[in-house]
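Per Swiss-Prot, these features apply:
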BINDING   Asn29, Leu31, Gly56, Glu77, Asp102, Asn127  S-adenosyl-L-methionine binding site
Amino acid sequence: MNKDIATPIRTKEILKKYGFSFKKSLGQNFLIDTNILDRIVDHAEVTDETGVIEIGPGIGALTEQLAKRAKKVTAFEIDQRLLPILNDTLSPYDNVTIIHQDVLKADVGKVIEENFADCKEVMVVANLPYYVTTPIIMKLLEENLPLKGIVVMLQKEVADRMAAIPSSKEYNSLSIAVQYYTEAKTVMVVPKTVFVPQPNVDSAVIKLTVRETPAVSVENDEFFFQLIRASFGQRRKTLMNNLMNNLPDGKQHKAIIEEALQTADIDGKRRGESLSIEEFARLSNVLQKALF
């Protein structure tokens, strides 16, 4: 039986064997604690009927734990230097496929279709590189992929934002974007000491359960997100000020914006971070009708 990859000794051995040096630009921090990996897989509720997409497998620490429980694992790895290492470390598992590609440029829908046709459900489970966390998650959500959910390790601060509630310090446009598509919950905080090299920040694992239909009904989701970004433009400004300053031709549409706020029963003196997703949806539908 092979020793688990995610132990300090085995990780050190593997890195030494291949003369691997970390690339800061790729946000490479490898986990060296199998208990934490097991808990991540538990939170993802992976079974022998699950197809798993992993992003940034590193030397295969999480991949290995997923492969033990999932029907199939397909992992995207951008760093060519890791391919021979993964080939070696994951050789005992015949249910793993490695794709050498940047996931942001990949047709993930096609990969799901081709690799997971015989799986009952598809999950994304990953220890994400911190510098591209948000673009990766938003890509997965916006592409309306047939996912049951996403369980990922990321910077704690970003996890806090994704799961934040209105009027909290962390609540922003990312909170609403993520909660529009999913139910978000931070399930674990992970200290920096369980990584090599140690990151500068603490991490957290967030579980995003994909909703069957979005949290709110909006006429035009592109305008809905534009309105949200505008509302959070300058945090200390009122909603009315932010909308005038940040929506295209906002100042010219002052009267229309004022009337829309009134119709939606929202006080323009409030700040964007005090509005719930339902209030944003109401305002978006009224304002979109008035402007277009």
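For all residues, glycine too, the Cβ spot is worked out from N, Cα and C.
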Asn127 (S-adenosyl-L-methionine binding site): secondary structure state under DSSP, collapsed to three categories: strand
Three-class DSSP secondary structure - Leu31 (S-adenosyl-L-methionine binding site): strand
For Asn29 (S-adenosyl-L-methionine binding site): intrachain residues, at least 6 apart, with Cβ closer than 8 Å: Phe22, Asn127, Tyr130, Phe195, Val196, Pro197, Gln198, Pro199
Site diameter for S-adenosyl-L-methionine, Å, by largest Cα distance between Asn29, Leu31, Gly56, Glu77, Asp102, Asn127: 21
Entry from the binding-site residues list Glu77, Asp102 having the most other CB atoms no farther than 10 A: Glu77
C-beta crowding around Gly56 (S-adenosyl-L-methionine binding site), within 10 angstroms: 24
Other C-beta atoms that fall within 10 angstroms of the C-beta of Leu31 (S-adenosyl-L-methionine binding site): 23
